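Student: So TrEMBL lists the following for this protein:
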ACT_SITE  130  active site, proton acceptor
BINDING   138, 142, 170, 173  Zn(2+) binding site
DOMAIN    1-306  domain 'Deacetylase sirtuin-type'
């Protein structure tokens, strides 16, 4: 595991751009259901169990003809879920990594929950292959256009699986509207927005010379994200890191697989990245290199030692003292402890 993490760190540090590819597993730590997991679709949406409808049946345009109440309930229920969800810390970690790169980042996702946008990612750097619940389209795709779903405020009856109030309507033909999400057997999906996003993604990929692909929570049931990740990594001769707690296998020896919870993996990688960058900073300055072991010892003896004390005691500038304290605290948290639960510091 340590060697895998070290290899992942080297791929991320060497890259001049990060392609983040994400499937449903990326959203689980935000409290959103992955209804293709072993828990099953009905565990994710208990009210639907009594209807007997499976995910494959409800995720089709035909359901709006056969079971309109249930179809609009499912749309409204999920939209409310996504609006209320708070992106987990892993999103901020990925955004920070990407923003630090010369060519930045791009997101390619099959998720329709809008969590990347909510986490502050640039909407112009996101490609949503399956669309998004946060936009609407005409049921008949009369103009090929989409619009924001912000004005649609669904109130749902979860016992009866129906929408309270009227469904959204198309502003162009006044017909019924639906979510701008690609469903199974969907021949009326308004895809113009996706093709614009795809063009932006392709232009960005052409500018990146040393790419790393970080794939998160992409399963095999609908392998769109996995296939795109592998194909892009192969074409660009890119580093490839797949993080998945169940289906982490990779087809090539030089592709990296981390079979872990996504949030835990990102936190672990982030700590190691921070420490690696700090070690490089320390090595660049003889004074820092000499005094840091002493800073570790001083903070072991007195964890509340102030920044001003570190400045005076070790002849450090204000920013250097802050950085040394932060890194010393992080390093001490990883050191083995003695019988008094104190870090064992060795020089």
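Glycine is no exception: its Cβ is also placed from the backbone N, Cα and C atoms.
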Student: With every protein chain in view, how many other Cβ atoms are within 10 Å of the Cβ of residue 173 (Zn(2+) binding site)?
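Tutor: Within a 10 Å radius of the Cβ of residue 173 (Zn(2+) binding site) lie 13 other Cβ atoms.
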Student: Using a 10 Å radius around its CB, how many other CB atoms surround residue 130 (active site, proton acceptor)?
Tutor: 18
Student: Let me know how many other Cβ atoms fall within 10 Å of the Cβ of residue 138 (Zn(2+) binding site).
Tutor: 25
Student: Where does residue 170 (Zn(2+) binding site) sit in the DSSP three-state scheme?
Tutor: coil
Student: Report, in whole Å, the straight Cα-to-Cα distance of residue 130 (active site, proton acceptor) from residue 173 (Zn(2+) binding site).
Tutor: 24
Student: Quick check: with 138, 142, 170, 173 left out, which same-chain residues have Cβ atoms within 8 Å of the centroid of the Zn(2+) site Cβ atoms?
Tutor: 139, 140, 141, 143, 171, 172, 174, 175, 177
Student: Would you count the other C-beta atoms found within 10 angstroms of the C-beta of residue 170 (Zn(2+) binding site) for me?
Tutor: 20
Student: Could you give the Cα-Cα distance between residue 138 (Zn(2+) binding site) and the residue listed as 'active site, proton acceptor', in whole Å?
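Tutor: Cα of residue 138 (Zn(2+) binding site) to Cα of the residue listed as 'active site, proton acceptor' measures 16 Å after rounding.
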Student: Please give me the CB contact count at 10 A for residue 142 (Zn(2+) binding site), counting all chains in the structure.
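Tutor: Other Cβ atoms found within 10 Å: 15.
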Student: Report, in whole Å, the straight Cα-to-Cα distance of residue 142 (Zn(2+) binding site) from the residue listed as 'active site, proton acceptor'.
Tutor: 19
Student: Averaged over the domain 'Deacetylase sirtuin-type' (1-306), what pLDDT does the predicted model reach?
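Tutor: Average per-residue pLDDT within the domain 'Deacetylase sirtuin-type' (1-306): 93.
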